[in-house]
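To keep things clear, I will list the structure first and then write my remarks on it.
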Number of protein chains: 2
Amino acid sequence: MSPKPMTRPGGRSARVQESVHAAVRELVGETGREALTVPLVAARAGVTPSTIYRRWGDLQELLSDVAVERLRPETDPVDLGSLRADLDAWAEQFLDEMASPPGRAYIRDALLGDPDGTNAGQCSAYAAEQIDAILSRATRRGEAVPETERVIDRVVAPMMYRILFRPGRLDAAYARELVTNALDRP
Amino acid sequence: MSPKPMTRPGGRSARVQESVHAAVRELVGETGREALTVPLVAARAGVTPSTIYRRWGDLQELLSDVAVERLRPETDPVDLGSLRADLDAWAEQFLDEMASPPGRAYIRDALLGDPDGTNAGQCSAYAAEQIDAILSRATRRGEAVPETERVIDRVVAPMMYRILFRPGRLDAAYARELVTNALDRP
């Protein structure tokens, strides 16, 4: 179990994390994932390989941490004036991002180097936070809303399952059908 | 991309596969997964390490193939006389097996050593075949049935998503709630 700080540590520790993550992103962009090694990442980041092994355990755990950072949503869900419109837009964008080649690679990396499930749980927490934000906004508008866990089960889970296990139709109309199922039955 | 024969090949090839799979199962039982190496598996199976590398690429791909074999259902779904009862029983058993520590380890192994998604697709195909069998039986009884893909989205996907990404309530009542959602709306 390597330590995986979910709140960014301060000081030197934060600088090491940032430079190592940046080195991974640069090297993946330049040479691809297959050619990546801990010594290469260390040299680019200006740290020793043992710093990386001590903090992340191995390359897979480092890639998992980098992937979770990349899967962190960068903006609040867009406000389109109604629950239905907001959830449709969010689900379509989520599916678009997660089913893209980089999205699939990040999901895979996040799961692979994550023996205790911390990073997978963080990915799911990101989705839940975005859904919470949409539902809270709808509640403030006076709309009736389902529970967050229901939206996870009915919208997020089918999309992620199909991305990982069952290739097939993954388009905007599919995302909207899932939203219908989450909203129509209380 | 190592070759992954989904239909069992005959003759020597089949014997090699069977002895290598058996060696993995035995060694995992005796010493645990962490201590497993290709030379250890080869010695136990009575083949050369290069036979394993040639056929499976690396240990992760071999473990993925073994996991898919272990996830193959051994029996037809039980016939309890109605669609609702059959789906409830199947979903409860599926959740029980997949959420168990060995089930989780097999799902993880199946995904990890599976760069092209063949083995993940096979896991999903096993579930779809069992659901198909339940739905065909119900049709023969004259019951109205949902599409298989709807049952995948509404029953299988949420269970697998929670197992992989979102720890929480994973009990028989949860499985039955998911079946209700799959059956109540056509």
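Glycine is treated like the rest: Cβ placed from N, Cα and C.
Taken from TrEMBL, the feature DNA-binding region applies to A:37-56. Computed over the DNA-binding region (A:37-56), the whole-number mean pLDDT of the model equals 95.
TrEMBL lists A:14-74 with the feature domain 'HTH tetR-type'.
Shown for the domain 'HTH tetR-type' (A:14-74): DSSP residue counts in helix, strand and coil, namely 50 helix, 0 strand, 11 coil.
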